[in-house]
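The block underneath contains the structure these notes are about, expressed in structure tokens.
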């Protein structure tokens, strides 16, 4: 026969289990079906226009969602502008001068406010935009769970500590993703987003002038043409030289040829725990695509504000 204390324990455990399930249950792909049935098509139209006028914007939008989710969860904190009470994440080192696409999210929000005022969160727009951006450059699609709400705070400090850096060693990258509930395999799959987009010269200069054994000499020579040892810090180079505007598994093929642009890319194939995953993705585009989609869904689940938490911002850069 169960004692009263045991009954209490079971009741508390059931409540805890229910609340943890509700956290994810509140995110649902049908969240706006009744309140804003045109939400997804409205966002898609904005993203399609942006990517058709500049293919690189697809990479920027995927990165924006990633940089949002890794800093206090997927809550659109990255979009908040500087105010007397908010130290913006936009000016944190990983974002300053490189994070872009804010205006595209603002455009989508402006359109949504015309048809469904006060309904669709900026955090959800970021999540949907990342998915749409992927599909528009040949990458996988996935069903986006919705129902995130927007934060009333930002964290410049966490943006400087929690986002992976281009010079990080493998163990630090692995632990950084693990801290967000993402596996090593998730991390390697998500790194495949570097199949599109560009990086600034100062982020890969040390690597291309290192004469290291982990970089192809011809590749280094090609990259030096646009990235001198002094100055020209902002000169851009594609992260994937072969298919720079196509989200595909070519990123992993590059790593096998020692043609990863950033140190944090090439470190995925450096005799460590991730080598076998890189090899697998280089040989199996379908496996990469399905793992990338699954990892993006998982990343979109990081600490969302749901229910009564957070707000729905009217303008993404400001608290109502």
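Backbone N, Cα and C atoms are what each Cβ position is placed from, and that goes for glycine too.
Note that the structure is a prediction, hence the values are computed from the model and not measured.
Summarising the annotation, TrEMBL assigns active site, proton acceptor to 67. The Cβ of residue 67 (active site, proton acceptor) lies under 8 Å from the Cβ of 78, 89, 94, 95, 99, 159, 163, each of these being in the same chain and 6 or more residues away along the sequence.
The Cβ of residue 164 (substrate binding site) has 70, 172, 173, 176, 177, 264 as same-chain neighbours under 8 Å, each 6 or more residues away in sequence. Annotated substrate binding site per TrEMBL: 164, in sequence order.
If you look up TrEMBL, you'll see 194 marked as heme b binding site. Neighbour count (other Cβ atoms within 10 Å of the Cβ, all protein chains): 25 for residue 194 (heme b binding site).
The Cβ neighbour count for residue 240 (Ca(2+) 2 binding site), using a 10 Å radius and every protein chain shown, is 25. Annotated Ca(2+) 2 binding site per TrEMBL: 240, 243, 248, in sequence order.
Packing around residue 116 (disulfide bond) is summarised by its Cβ count: 16 other Cβ atoms lie within 10 angstroms of its Cβ, all protein chains included. For 36-116 (among others), the entry in TrEMBL reads disulfide bond.
Other Cβ atoms within 10 Å of the Cβ of residue 74 (disulfide bond) number 27 in total over all chains. The feature disulfide bond is assigned by TrEMBL to 69-74 (among others).
What TrEMBL lists as disulfide bond is 122-316 (among others). Spatially close to residue 316 (disulfide bond) yet at least six residues away along the chain are 76, 79, 102, 105, 106, 109, 122, 125, 150, judged by Cβ distances under 8 angstroms.
Close to residue 227 (disulfide bond) in the fold, though at least 6 residues off in sequence, lie 201, 204, 205, 208, 235, 237, each with a CB less than 8 Å from its CB. Taken from TrEMBL, the feature disulfide bond applies to 201-227 (among others).
According to TrEMBL, the signal peptide annotation covers 1-25.
Note: the Ca(2+) 2 site is recorded as 240, 243, 248; in the same chain, 195, 196, 242, 244, 245, 246, 247, 249, 250, 251 also have Cβ atoms within 8 Å of that site's Cβ centroid. All protein chains included, residue 201 (disulfide bond) registers 20 other Cβ atoms within 10 Å of its own Cβ. Cβ contacts within 10 Å of residue 69 (disulfide bond), excluding its own Cβ and spanning all protein chains shown: 28. If you count neighbouring Cβ atoms within 10 Å for each of the disulfide-bonded residues 36, 122, the highest count belongs to 122.
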